[in-house]
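According to Swiss-Prot, the protein carries these features:
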REGION    32-125  region 'Disordered'
COMPBIAS  41-61  compositional bias 'Basic and acidic residues'
COMPBIAS  89-98  compositional bias 'Basic residues'
COMPBIAS  99-114  compositional bias 'Low complexity'
DOMAIN    209-378  domain 'tr-type G'
REGION    218-225  region 'G1'
BINDING   218-225, 264-268, 318-321  GTP binding site
REGION    243-247  region 'G2'
REGION    264-267  region 'G3'
REGION    318-321  region 'G4'
């Protein structure tokens, strides 16, 4: 028996591929998708399930064939007896008998040939499945009817179509409904899209509780690394230059039998770089605020990042053991950003602690466990391993290495894996304690080697049973990423805003405002919120006082937003990042101009900006006055070139005396399009004849600024 794919088997029996896959799983057969080939023994087992009467039918057919043969033998015996009894009859009668016998045989033969035609008439199925773009011929075949019948139906509906015409979903539904057939559209699975392997954990009945993934964020020197150091009882801060976290790591601790995974991130990478690539890894955010310092600019940024990612926040009020500590002031300041303490009737958990002495750490861990229990975080360790890259590097001795966070399933040494646009086989696996491990379950951070290249932080990974499949998918994703890099970024800007609105791609215009003083920022934000254009809502996602920095650009890129600077400039890092990520930055000094520009962009009326570009200069050596023409300037091009369509200005003793357009440009008696440096020419200027010797004619053109 030849091999057959799952969907082909399902199609032959008018079944759903899902039903066949479910039955295979009951048979303990590992199934990746509907394209998997079936073994002969698997087909036999499926036949027993889906063709319960197949063996009985065969026996009935055999019995019918035997009866037919017996009937034919009896007829032959009777014919022989009759022939023996009538042997003495004349030849004419014999001849007639033969003709009659032949006629009977011919009739029998005709009936035998026509019988299969009656059997070939198939009944229309009650339900069919179809793929997008199905043709008339393919639909007719699935419905067991003639293609001409569908063509007639379409003609009556006012649709001219032939047998090879593709049909849209609505037309297929109309035809099927007319024949009383239920239809279902087959979903074509793109195996190169790793997102399809990230199942919704809540829908999995076999999912079990998993550890929470926690990110610690806050302002510089408020004690983020010291807090994490105190939690896991190690000394990272002492070995780091300037006390600043210099790498991304992930660490797992155990508290009262419950595991918690912490991401140690520089700045807000967990919420920006990863979220910009579509990854969501964090379950809970710990916002560290120093009790003696209060809310600072990076604290506000951290709040905005966490809210944008829709992640619950636990506020850790650090340094409460200092004499100048004022926890109540911190609570008061955070209420301005929507974080209301539980003691004041809000829903935000505040935990006072000292990262240095360790006071309050147990309370914080208890709150983390409590919040994670409320969230009901679950995963299925029996599934294929999927997750996200936390960090990656090229190690001199080990080659490409990647720190991964397993989000679902179990990752094992030897698994074939696709990580972002890279692929390979897990050669070795090390946990956060530096020990080699053979497997890692959900919410477990590990570092792996064995991939062919260095992936990016935030890339997703998926394991496969077949290394060839992993290689094929990895190579295809790599080629696709190269093509995408060559294409223009689709980040929103005021220039393409109206186009995206028309295509239905834009629902919210995310704006980040940076200004010189708080009053200006608040006034600008209030004015922008009043803009009312059908189709798009203005959404202020972050406001702050100070220069535009790299963090603002990263947030704008992650949120597909634009940055407005009011009386402030971007620093060098922000400029470079904005150019790399194609983030639109607008700098203004007048509030009215900001509102007018954004409103015009939303209405599709944003005028292009132009700048003047000087293309050449010519010195007037001699003048000629001609009736009906005016003054002709005999010139020598001293710099660049003079073109016929250029704008010109006449400069006399360093002062511009006239600005207008060229009328004619000639060399000898011929009209020319341009005259280059070092050549002489004749020039006349529209509506200006007061040209004098030694005047300088400067040519320029207006060039549109690329935004």
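Heads up, the Cβ atoms here are built off N, Cα and C, so glycines get one too.
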Rounded mean pLDDT for the residues that make up the region 'G3' (264-267): 56
Three-state composition of the region 'G4' (318-321), taking helix and strand from DSSP: 0 helix, 1 strand, 3 coil
Helix, strand and coil counts within the region 'G1' (218-225) (DSSP): 2 helix, 1 strand, 5 coil
Other CB atoms within 10 A, centred on residue 320 (GTP binding site): 19
Cβ neighbour count within 10 Å of residue 221 (GTP binding site): 15
Densest Cβ neighbourhood among 218, 224 (binding-site residues), 10 Å radius: 224
